[in-house]
Every structure is written in structure tokens, then in C-alpha cells.
Amino acid sequence: MSPFLRIGLSNFDCGTCQACQGEAVNPYCAVLVKEYVESENGQMYIQKKPTMYPPWDSTFDAHINKGRVMQIIVKGKNVDLISETTVELYSLAERCRKNNGRTEIWLELKPQGRMLMNARYFLEMSDTKDMSEFENEGFFALHQRRGAIKQAKVHHVKCHEFTATFFPQPTFCSVCHEFVWGLNKQGYQCRQCNAAIHKKCIDKVIAKCTGSAINSRETMFHKERFKIDMPHRFKVYNYKSPTFCEHCGTLLWGLARQGLKCDACGMNVHHRCQTKVANLCGINQKLMAEALAMIESTQQARSLRDSEHIFREGPVEIGLPCSTKNETRPPCVPTPGKREPQGISWDSPLDGSNKSAGPPEPEVSMRRTSLQLKLKIDDFILHKMLGKGSFGKVFLAEFKRTNQFFAIKALKKDVVLMDDDVECTMVEKRVLSLAWEHPFLTHMFCTFQTKENLFFVMEYLNGGDLMYHIQSCHKFDLSRATFYAAEVILGLQFLHSKGIVYRDLKLDNILLDRDGHIKIADFGMCKENMLGDAKTNTFCGTPDYIAPEILLGQKYNHSVDWWSFGVLVYEMLIGQSPFHGQDEEELFHSIRMDNPFYPRWLEREAKDLLVKLFVREPEKRLGVRGDIRQHPLFREINWEELERKEIDPPFRPKVKSPYDCSNFDKEFLSEKPRLSFADRALINSMDQNMFSNFSFINPGMETLICS
């Protein structure tokens with residue numbers, strides 16, 4: 001296998017060449033590839049292949065051998081212009097490797113001029129030259145892990161589009177007019193009108209967002225419903241002390257005429273915020289929101305009380321008979337024991353009075369509740385750190401009661417809250433609780449929490465992930481890649497049958513057990529309730545794997561998982577990503593417009609599978625249209641036996657013991673396994689009820705954990 005560079009030359013600039021003054025240059029270039037050889041006369045370069053004359057803005061291929069150089073000569077057809085430069089192909093390939101497989105540079109020519117050169121790195125099975133020297137140098141596109149991204153969650157309240165925001169300067173809430181405390185993303189800010197608020201004040205916003213308050217829908221709404229139409233009387237004002245805008249919450253800058261002040265209510269705003277302030281002069285939004293909430297709760301209580309009467313005044317409904325009345329009342333009263341236990345470990349277990357309320361529960365349920373409330377991080381010994389990120393850390397832990405080993409994923413509550421990922425965390429827990437129904441999904445034992453952290457206790461898969469293994473062998477052979485792809489298909493189809501779109505399929509998230517079977521992990525990006533014609537439009541995923549319909553802002557369904565599956569198979573078979581770019585903008589353009597490169601040595605069935613997976617029309621993509629199991633690449637697969645794990649994997653990872661960590665990145669294993677410190681002020685002010693339904697134990701694992 002020999003790597004090669006696909007090179008393009010363009011944009012020749014002759015500079016200040018005297019011979020070019022007043023003349024049309026009309027240049028052309030000649031490319032001479034020379035080999036380094038040792039001779040009796042010493043070291044020298046010899047040209048073994050014919051000279052190439054590539055047209056401008058076209059491409060040509062040059063294979064990489066150590067010592068091989070490329071001489072580029074530019075000549076003029078109409079003038080005496082000769083410029084040249086020499087490029088070492090090995091150094092150019094190294095530059096491409098550091099820039100995600102491609103590079104773009106200006107070449108300075110001698111004696112004058114310059115030109116733009118684009119180069120892209122590829123692998124090909126055409127030369128028989130030994131590639132060991134290049135393997136040692138790491139000429140591969142898959143040389144680092146890639147993190148997922150997700151569009152900020154948008155809270156739509158009264159036409160506002162609030163997103164969690166980090167305020168780099170002191171900011172005040174436009175609802176309660178108090179300071180927005182905290183680190184990271186302290187509060188919400190509207191993307192349309194820039195109104196800043198506390199996260200806790202989002203339910204107290206009564207003014208609709210329109211960008212302008214003059215004759216706005218919001219003003220008309222209050223005028224018709226509440227008879228409120230009080231425009232502010234703003235006038236330019238000179239502030240003698242630091243003052244904050246009561247709309248966007250930031251400081252009014254300047255020495256004079258810094259902002260506007262309302263003569264009636266004294267509201268202070270920026271000049272730029274004047275047109276975005278609602279006509280609510282003299283109205284306290286916080287108090288009005290509380291009053292409206294009280295009225296609503298009073299009306300609900302009154303309607304509930306009225307429903308208990310047999311006859312009603314006004315428009316008459318048929319009176320409910322006594323038997324119906326008795327049947328409808330109990331659902332209004334919470335049933336003891338039916339509510340999911342809080343599971344907060346710093347609380348003491350339920351006392352006897354709570355246990356005696358209501359009918360006695362089965363013995364298994366009581367054991368589960370007791371264990372769920374008592375389980376804490378001190379029940380585990382943290383041996384190694386397997387990975388970490390902005391979310392938290394993953395540990396290899398030993399359960400003290402049974403001396404069994406688990407992988408514990410610890411999330412920091414303050415980070416989850418700041419990133420507005422509470423619901424994503426709950427989705428991950430629910431998907432993991434379903435994983436026991438399928439052999440190729442990571443199984444979760446239980447979840448519990450402390451005041452600072454959330455913990456997922458999962459099976460420890462000591463075979464490592466596919467990204468770790470592909471970095472050592474650079475690509476998988478056809479039988480191995482086909483086996484992994486088939487097991488991933490079964491896992492994806494199970495998730496899709498449950499109405500779950502995975503949205504983060506990549507090498508990093510495919511783990512191996514000790515026998516060599518795959519397990520899909522990390523369900524934090526999943527979307528639930530996607531059965532039938534349901535679609536979503538959240539922008540999320542790992543950049544290299546994102547489907548074009550996501551980039552185009554279109555609504556999508558499980559079709560995006562089959563595009564990501566195509567990228568996964570391409571990387572397993574070829575050893576590099578199908579789409580490239582120096583930054584995300586170029587990468588996304590490549591995903592939308594470019595066709596992947598297929599080496600000549602790629603098997604016909606594998607290429608056909610990839611072509612059908614990389615169809616940009618979601619409804620025509622394989623997996624959405626047609627049965628992917630029937631593709632010729634999988635003709636040797638017995639799907640029933642595969643799902644029962646009756647087929648031996650082609651590769652078995654080296655595992656020395658149940659707690660072996662040799663298949664994980666060494667950079668994490670060397671760190672001390674300990675929990676990160678949380679923001680104490682934020683933790684103390686946090687509403688812990690947001691995580692009240694987090695704690696969970698899988699019923700199928702009660703005996704194992706309690707033994």
C-alpha cells in the first residue's frame with residue numbers, strides 16, 4: 001500500500017518581473033518528479049518518469065517515497081519568464097497529515113513569482129513498496145478522536161428564543177432586575193431581542209418578543225387582554241454612576257449620553273435596545289407573572305372542586321352518577337409507592353411510617369427501593385480513569401459487595417445544568433434502560449446521584465473502542481469490517497424500532513467486549529419518539545459524520561444514522577474520513593457537495609454499499625429504502641445466529657483480566673481517578689428536583705448487585 005498526494009496548482013502571480021511589464025504572461029507549468037539516489041559521484045536526484053504539464057486548476061497524483069521531490073517550473077509562452085521551486089513530497093504529506101488530510105499553501109518561486117498549491121492525502125493499494133516506514137510516521141487521517149457538537153437548546157417562551165448564555169460582563173435580569181450570578185452559562189438570552197434573564201425567571205416572562213414594540217403583536221395582546229398599552233417616555237440621559245440596561249442587562253458604556261431613561265417609570269436602556277422594549281411602562285413583570293400564576297392555580301382548584309358536584313350551573317352537562325364519581329376521584333390523589341423514589345444519596349432511607357403507607361409492596365420492589373436509596377459512590381473503589389471530557393469522567397470501578405468491575409460515568413450536575421442538558425441526560429438514562437433488550441447495546445446496571453454528580457453504572461467493556469484499534473492497524477480487513485458493520489446494523493435497527501434516532505455513530509462509540517463483539521455506547525445525543533412520520537431538526541452530531549440534511553437545516557429522521565453508518569464503514573475499510581476540510585466550514589461544504597474517493601483496490605460490493613449509503617436524498621438512502629441486510633456485502637451473514645452471538649468474531653482483543661485496561665488510551669490511565677470539584681455556590685442554589693427521577697436500577701440486575 002502506497003500513499004499519494006493529489007495536487008492542484010493555480011493562481012500564478014509573476015510579481016514585479018520586469019519582463020512581464022505590459023505583456024500578457026500566459027504562463028504554463030511543468031512538473032518533474034525526481035528520486036533520491038546514491039551514486040559514485042555522491043547524492044543526486046534522477047527523473048525516472050516523464051515530465052507532466054498539468055493545466056491550471058486541474059489535479060495530478062504524486063506517490064510519496066522518502067527522498068522523492070517535485071520540481072515545478074513555470075514558463076511564459078509570450079515572454080521570457082522562467083521561475084521554479086522544489087517541494088519535498090514527504091514534508092508535504094506531513095503537512096497534510098497535520099491538517100486533517102489536506103493543505104493549501106503559497107509556493108514562492110525563484111527568481112520571482114508565486115503560485116497557490118492545494119494538496120490532499122490519500123491511501124492506495126497500487127504499489128508493492130513496504131509501507132512500514134510510513135506506518136511508523138502515522139500517515140493516517142484517523143489520528144485523533146473527534147468530539148460531538150450540539151446546537152444550543154432553544155426555549156420558546158412568548159415568542160422569545162432563549163438559549164443558555166455565558167455573560168462575559170456583569171449582567172442583570174430583565175425580569176427581576178437582580179444580578180445574574182454564576183460561572184459558565186449563567187442565564188438565558190433571547191437570540192432575537194437580546195433580553196437577558198435568570199434561568200429561574202423563564203416562567204415569569206410575560207412580554208412577547210417581536211424585535212420592536214411599536215404596534216407589535218405583544219403590545220396588541222396586552223391591550224386586548226389586559227388593557228395594558230403604556231409606552232415608555234424615553235429621553236437621553238447622562239449617568240453619573242455605573243448603570244445597567246434593564247433590557248439586555250449589560251452596562252451602559254460611555255462618559256455622557258450613555259443611554260435612555262423613562263420619565264415615568266425610570267427604566268434605563270441602551271440606545272440600541274429602545275425599539276425592543278415592550279410597552280409595559282410601570283409594570284413589574286415578576287409580580288404580574290406571580291399574580292397570573294396564582295389566578296391560574298386558583299381557577300384549576302375551583303374547577304377541580306366543581307367537578308366533584310353532580311350538578312353545575314350555566315350550560316348544563318349530564319350529571320355524573322355516584323359510581324362514576326367514585327371511580328374518577330382516586331386518580332387525583334397520589335398513590336403511595338407508585339411515585340418513583342427520589343434516589344438522592346445524601347437523604348436517609350425511608351422510615352417505617354412511609355413504608356407502612358398503603359398496601360405492602362412485593363419483597364423485590366422493597367429491596368430495589370432500599371438499595372436505590374442507599375447506593376452511593378463510596379460503595380465502589382475507583383481504580384482507573386478511562387476517559388474524560390467537558391461532561392465529566394469515566395472510571396473503572398470495583399463494587400465492594402461483589403468485587404465485580406463496572407464502568408462508571410460521572411457527570412457534573414453544574415455542567416449539565418449550565419449546558420441545558422438535563423433532558424439529554426434523562427434521555428440517555430431511558431435509552432440505557434432499554435439496552436438490556438439487545439446484545440449489541442451497552443448495558444446499564446443502575447444510576448444514582450449525589451449532591452454534585454450523576455452516576456451511570458454500566459458494564460465494563462475491556463476490549464477498547466474501534467478508534468483505539470484502528471489507530472494501531474490503520475484499517476480493518478474486509479471480513480473484520482463486515483462483521484462489525486453487521487452487528488452495528490442490528491443495534492441501529494433495534495433503536496429505530498423503539499423510535500430512537502442515535503445521531504452519534506462513530507468509531508469512538510463502538511466498544512468491544514472481551515470476546516470481540518461490538519457494543520454501541522454513549523446515548524447522550526439520542527432523540528426519542530421518532531416513530532412513523534415524526535421528524536426533528538436539531539443540529540447535532542460529530543462533524544465528520546453529520547448527514548447533509550442536518551447541515552441544510554432540514555427536518556430528518558433515522559436516515560441520518562445510515563449516513564453516519566456509511567462514514568463508519570468507509571473509515572473501517574479505507575482508514576481515513578470520506579470528507580475533508582481545514583475547518584468545519586470546509587468540511588461541511590465537502591459533505592454537501594463532494595463525492596468520496598474510492599481506491600481501486602476496494603472490493604466491488606463494499607464500494608456499492610458505500611455509494612448507496614452516501615445518497616444525499618434521505619428517502620433514497622440504503623437503510624431507509626430497501627433492506628440493508630440483503631446487500632451482497634452481507635450475503636455470508638446469518639443474521640439470526642449473529643444476533644444470538646453464535647458467530648465467532650474475526651478479532652479477539654487481548655484481555656488479561658476482568659480489570660485489564662490495556663485497550664484504553666494511556667493519557668487517561670495515568671491520571672488519578674477522582675471526581676472533579678463542582679461550583680459550590682451553584683450547587684447550593686440548584687433545584688435538585690430537576691434530577692428527582694434520575695435514580696434507577698435495572699430489575700434484571702437486582703440479584704447480581706444484592707448478592
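Positions of Cβ are set from backbone N, Cα and C atoms, glycine also.
Quantities reported herein were computed from a predicted structural model and do not represent experimental measurements.
As recorded in Swiss-Prot, the features of this protein are as follows:
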DOMAIN    1-107  domain 'C2'
ZN_FING   159-209  zinc finger
ZN_FING   231-281  zinc finger
REGION    327-365  region 'Disordered'
MOD_RES   S348  phosphoserine
DOMAIN    380-634  domain 'Protein kinase'
BINDING   L386, G387, K388, G389, S390, F391, G392, K393, V394, K409  ATP binding site
MOD_RES   S676  phosphoserine
MOD_RES   S685  phosphoserine
MOD_RES   S695  phosphoserine
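Non-local neighbourhood of G392 (ATP binding site): K409, A410, L411, K412, V415, N453, S676, each in the same chain, at least six residues away, with C-beta under 8 Å from its C-beta. For the zinc finger (231-281), DSSP puts the residue distribution at 3 helix, 13 strand, 35 coil. Helix, strand and coil residue tallies for the zinc finger (159-209), in that order: 3 helix, 15 strand, 33 coil [DSSP]. DSSP assignment over the domain 'C2' (1-107) gives 13 helix, 58 strand, 36 coil. Cβ contacts within 10 Å of V394 (ATP binding site), excluding its own Cβ and spanning all protein chains shown: 23. The most crowded of the modified residues listed here (S676, S685, S695) is S695, judged by how many other CB atoms sit within 10 Å of its own CB. Annotation for L386 (ATP binding site): spatial neighbours V394, F395, L396, A407, C661, F664, F668, L669, criterion Cβ-Cβ under 8 Å with sequence separation of six or more.
For the pair K388 (ATP binding site) and S685 (phosphoserine), the Cα-Cα distance reads 26 Å.
Cα to Cα, S685 (phosphoserine) and S695 (phosphoserine) are separated by 21 Å. Every protein chain shown contributes to the tally, and the Cβ of K388 (ATP binding site) ends up with 15 other Cβ atoms within 10 Å.
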